[in-house]
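First the structure, in the form of structure tokens, and then the observations on it.
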Amino acid sequence: MEDKKNNKSSMSSPLPENGVSDEEKQTSGSDSPSKTRRRKPGGWRAMPYVLGNETFERLASIGLLANFMQFLLEVFHLDQVSASNVLNIWGGVTNFIPLLGAFICDAYIGRFWTIAFASVFEMMGMLALTMIPWLPKLHPPPCKMGQHECKKPNNSQMGFLVMGLGCLSIGSAGIRPCSIPFGVDQFDSTTDEGRKGIASFFNWYYTSFTLVLIIAVTVVVYIQDSVSWVLGFGIPTILIFLSIILFFIGTKVYVYVKPQGSIFSSFIQVFVASYKKRKLMLPDECESNGVFYDPLLPEWSIVKKLPLTHKYRWLNKAAIVMEDEVNTDGTCTNKWRLCSIQQIEELKCILKIIPIWSAGIICFTAIGQQGTFTISQALKMDRHLGPNFQIPPGSLSVISMITVGIWLPVYDRFIMPSVTKITRIEGGITLLQRIGIGMVFSILSMVVAGITEKARRNSAITHNSPDGIAPVTVMWLAPQLVLMGFAEAFNILGQIEFYNKEFPENMSSVANSLFSCTVAGASYISSLLVNLLHNTTGGHGHPDWLTNDINEGRVDNYYYLIAGLGVLNLFYFLYVARRYQYKTRTVVDDGIKGYADVHELHDMKY
């Protein structure tokens with residue numbers, strides 16, 4: 001165990017793939033530091049290139065997504081349901097495919113080349129989307145004054161759009177699961193300086209990410225909305241090109257970690273071995289010594305040794321040693337018949353996280369509405385800020401971002417220390433409690449959104465203006481966006497930290513792609529709900545809830561439905577969270593020494 005002074009630092013940051021802590025040296029049986037493989041870290045010399053590449057890439061992709069709903073409605077002339085389906089299906093693919101990117105990265109080509117290839121595909125996708133508003137043949141003709149039915153895109157135009165979005169999805173597959181781990185790889189976690197560097201890297205990463213979000217949804221969206229779609233898409237495309245150049249400039253500075261092999265192959269081996277030995281009886285706990293295969297970890301391994309647990313006990317059969325299954329050097333003769341305790345426990349980490357992961361989908365379904373129907377609401381409200389300026393609909397999400405930006409430092413500096421004195425838990429509350437609070441805020445945001453939409457719709461119908469715009473300020477949407485900001489601050493950041501801490505250290509790429517799968521699941525749930533309501537509601541002379549004219553529909557009922565699903569999901573989350581056992585959790589002793597004494601507790605619950 002590391003010295004207590006350094007324990008908190010090592011717990012708060014994931015280890016790079018080729019870093020080795022003092023604890024791990026002891027676990028692997030290394031008596032001398034000289035036996036442990038060392039490498040010279042890139043450190044802060046690599047950060048301008050790593051963070052610069054990530055900043056430009058995020059600015060480009062978010063600058064596109066923030067206002068894409070309006071682009072599909074106004075330039076491509078899609079109806080509200082079709083535009084929402086395009087966004088949700090694309091979002092689902094874009095956020096599921098990072099799992100494939102993580103597999104290819106870990107098993108074959110490593111993080112550097114994964115990010116490099118993905119960045120090229122990202123630029124190709126942005127270039128394709130920039131060409132759509134630029135070249136008349138790639139989009140439908142503009143609507144004429146007084147024309148009620150605008151011409152829809154033909155098959156070739158839709159095909160070119162899908163091709164561009166597909167390239168962006170491939171780019172996301174490589175960049176999202178690898179950007180954070182690649183930055184962590186540049187520091188040596190075996191030193192105090194390296195551990196401090198990792199912690200600072202996370203701070204700079206999220207700071208730059210927040211700044212990028214604000215710039216993307218204000219400056220870039222304004223250019224798209226008020227100047228030119230060609231320029232609004234062209235600027236992100238140029239930024240992607242600059243990010244690629246900046247990334248390759250740093251090639252002589254980076255630390256390169258070779259692919260270690262995919263963790264998914266190990267998981268399949270555990271399932272196969274446990275099935276082959278399904279008829280064996282598990283020994284009693286007192287008789288288990290020597291029965292299970294538990295070799296030492298390699299000296300260079302960055303993974304902490306995991307003890308055998310009794311959760312999902314049927315998997316433990318995969319580690320029962322039978323005759324002639326172990327060579328004289330301690331290796332197994334057949335990896336598909338005998339697996340180590342470490343392999344089994346790593347799989348269990350995944351299995352016990354899945355219920356928690358699934359509970360986050362409905363929460364993000366609510367948060368994701370600020371990119372779809374919130375835009376539709378804003379288009380039918382007074383967006384003037386002074387006589388000559390209109391707020392772009394895609395820029396409204398900056399309200400939730402500002403909420404996050406203000407709340408996090410206030411919580412970190414003032415609220416968390418006070419709560420920590422009461423709970424004696426590092427961070428004030430557990431990560432699962434943090435996720436649960438975010439779910440409550442997401443439910444409240446949908447309730448407020450429904451109330452606001454009903455008031456907006458009534459105002460629009462009462463005044464019956466030719467353009468259908470309600471004479472109410474768009475700032476009526478601020479309360480629901482503020483609540484969504486709190487939901488993000490608690491739930492999203494809580495999920496990201498939860499996955500990084502609860503996954504084994506050699507699964508950092510998978511951990512960073514799992515949140516993307518949450519977003520993907522939410523996209524598919526949204527698409528399912530939208531199509532279901534579009535086809536089943538309405539009738540008898542009444543339009544459906546999500547009809548193209550939002551003033552004739554009932555988007556407020558759609559919001560209430562998501563809130564109701566959120567309540568059911570919250571009960572499910574409370575059930576699975578109370579049964580979850582943390583891999584580790586840190587508790588702070590509030591004594592004479594303040595917060596210097598830190599103890600690492602195992603198997604603590606919600």
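Every residue, even glycine, has its Cβ placed from backbone N, Cα and C.
Keep in mind that what you see is a predicted model, and the values were worked out from it rather than measured.
As annotated by TrEMBL, region 'Disordered' applies to 1-41.
Taken from TrEMBL, the feature transmembrane segment applies to 59-77 (among others).
Per TrEMBL, transmembrane segment is recorded for 89-109 (among others).
The feature transmembrane segment is assigned by TrEMBL to 115-135 (among others).
Look at TrEMBL and you will find 160-184 (among others) tagged as transmembrane segment. Within its own chain, the transmembrane segment (160-184) has Cβ neighbours under 8 Å at 13-17, 47, 50-51, 53-54, 57, 61, 64, 76, 86, 90, 93-95, 97-102, 104-105, 111-112, 114-115, 117-129, 131-132, 138, 153, 198, 201-202, 205, 508-510, 512-513, 516, counting only residues six or more beyond its boundaries.
Annotation comment: TrEMBL describes 204-223 (among others) as transmembrane segment.
Sequence annotations record features per position, and here TrEMBL assigns transmembrane segment to 230-249 (among others). Counting residues 6+ beyond its ends, the transmembrane segment (230-249) has Cβ neighbours under 8 Å at 48-50, 52-57, 59-61, 63-64, 67, 115-116, 119-120, 122-123, 126-127, 129-130, 132-134, 220-221, 223-224 in the same chain.
Outside the transmembrane segment (350-369) by six or more residues, the chain places 91, 267, 311-312, 432, 435, 438-439, 442-443, 445-446, 449, 484, 487-488, 491-492, 495, 498-499, 502-503, 514, 517-519, 521-523, 525-526, 529, 559, 562-563, 565-566, 569, 572-573, 576-577, 580-581 with a CB less than 8 A from a CB of the stretch. Taken from TrEMBL, the feature transmembrane segment covers 350-369 (among others).
Under the heading transmembrane segment, TrEMBL lists 389-410 (among others).
The transmembrane segment annotation in TrEMBL covers 431-452 (among others). Nonlocal intrachain contacts for the transmembrane segment (431-452), taken as residues 6+ away from its ends with a CB within less than 8 angstroms of a stretch CB, comprise 356, 359-360, 363-364, 366-367, 369, 374, 377, 476-477, 479-481, 483-484, 486-495, 497-498, 501, 556-557, 559-560, 562-563, 566-567, 569-570, 573-574, 577, 580, 606.
Sequence annotations record features per position, and here TrEMBL assigns transmembrane segment to 472-493 (among others).
Positions annotated as transmembrane segment by TrEMBL: 514-533 (among others).
Marked as transmembrane segment by TrEMBL: 558-577 (among others).
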Cβ-Cβ under 8 Å with the transmembrane segment (514-533): same-chain residues at least 6 beyond its ends: 81, 84-85, 87-96, 98-99, 172, 176-177, 353, 357-358, 360-365, 367-369, 372, 492, 495-496, 499, 503, 544-546, 558, 561-562
Contact check, the transmembrane segment (472-493) vs the transmembrane segment (389-410), 3+ Cβ pairs under 8 Å, seq sep 6+: yes
Recorded stretch, among 115-135, 389-410, 558-577, maximising Cβ pairs under 8 Å relative to the transmembrane segment (204-223): 389-410
Beyond the flanks of the transmembrane segment (59-77) by at least 6 residues, Cβ under 8 Å: 83-84, 86-87, 122, 126, 129, 132-133, 139-140, 143, 150-153, 157, 161, 168, 171-172, 212-213, 215-217, 220-221, 224-225, 229, 232-233, 235-237, 239-240, 243, 371-372, 375-376, 379, 392-395, 397
Surrounding residues of the transmembrane segment (558-577) on its own chain - C-beta under 8 Å, 6+ positions past either end: 355-356, 359, 361-363, 365-366, 369, 373, 432, 435-436, 439-440, 442-443, 446-447, 449-450, 453, 529, 533, 545-546, 606
